Amino acid sequence: MIRHSTSTQVAAPLGAYLQVTKPGIIMGNLIAVVGGFLLAARGEVDAVLMLATLVGLSLVVASGCAINNYIDRDIDAKMQRTCRRATVTGAIPLKQVLGLGIALGVLGFGLLAWFTNLAALLFAAFGYLVYVGLYSLYMKRNSVYGTLVGSLSGAVPPVVGYCAVTGRMDGAALILLAMFSLWQMPHSYAIAIFRFKDYEAANIPVLPVAQGVEKAKLHIVFYIALFALVSTLLPLAGYTGVGFMAVSCVTSFWWLLMALKGYRSDVNLLRWSRQVFGFSILTIAILSLTMALDFQVAGQAPLLAMLG
């Protein structure tokens, strides 16, 4: 007779609950939050505020992911990548998934409300409502512009980190919002290309499925080029230094070259889209780290003024 230890019995459901919150997405967002927070802190870090911001926003993101899993259970069942999720297999009762999402949201927003400020709280709420309400409930299923709308919510974490320190929306916060929104587009389109059959099976109108892979290639190149230009605004406006400018130009240029390879006649579409996707993650992680380290202290002239 096979015996199962108590630890094994507990680990399985705990693992299922953890997967519902999409820990990979949480970790990716944490890197962006740290970048925005340290950019604003300019070397004067409030450890308690930073910890509260990271934990609070992580809980908010986890809440959004759990509720997204609850909403998407019907389309997840049609996709090979997602058909084994707990909301599809029944590993966790749907009421518990919804309850978990609500509880995490209450805790996350509570922490942000108590420790941060109104600007950070409002941006977190904006991102949450766009992701759960507008994107998950409607745009993802019904519009080719779902990716564009969803990109706004994906760009919120670094802005929340920044505003947690400054308490206001300023030029740097706007640049971060634009920069991370633009990054989301080629990142998401690349996923949609190498997961084309999944999205097609679930009847999700992402650009490659709705309007063709060739148009998606064009959009990938366009958004990477625009992302590269917007990224230079941080050093040009004096929020970061020459180091960030150099790293931004190198990574963006390499990413753009990689995207242009999609037009080669002998391109392996699956491999190419995975490369564009993989380098997108590396790019945003490197830039988040660089902005955290290459901030400009008060009183230093903007790079644009130095060039002039």
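Keep in mind that glycine also has a Cβ here, set from the backbone N, Cα and C atoms.
Listed features, source Swiss-Prot:
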- 20-40: transmembrane segment (TRANSMEM)
- 47-67: transmembrane segment (TRANSMEM)
- 92-114: transmembrane segment (TRANSMEM)
- 118-137: transmembrane segment (TRANSMEM)
- 144-164: transmembrane segment (TRANSMEM)
- 174-194: transmembrane segment (TRANSMEM)
- 218-238: transmembrane segment (TRANSMEM)
- 240-260: transmembrane segment (TRANSMEM)
- 275-295: transmembrane segment (TRANSMEM)
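Among residues of the same chain six or more beyond the transmembrane segment (240-260), those with a C-beta under 8 A of the stretch's C-beta atoms are 39, 186, 217, 220-221, 224-225, 227-228, 231-232, 234, 272, 275-276, 279-280, 282-283, 286-287, 290-291, 293-296, 300, 303. With respect to Cβ pairs under 8 Å, the transmembrane segment (92-114) is most closely packed against 47-67, considering the stretches 47-67, 144-164, 275-295. Sequence-distant contacts of the transmembrane segment (144-164) (same chain, six or more residues past either end, CB-CB distance under 8 Å): 29-30, 32-40, 49-50, 53, 57, 61, 64, 112, 116-117, 119-120, 123-124, 126-128, 130-131, 134-135, 172-173, 176-185, 188-189, 192, 204-207, 210-211, 288.
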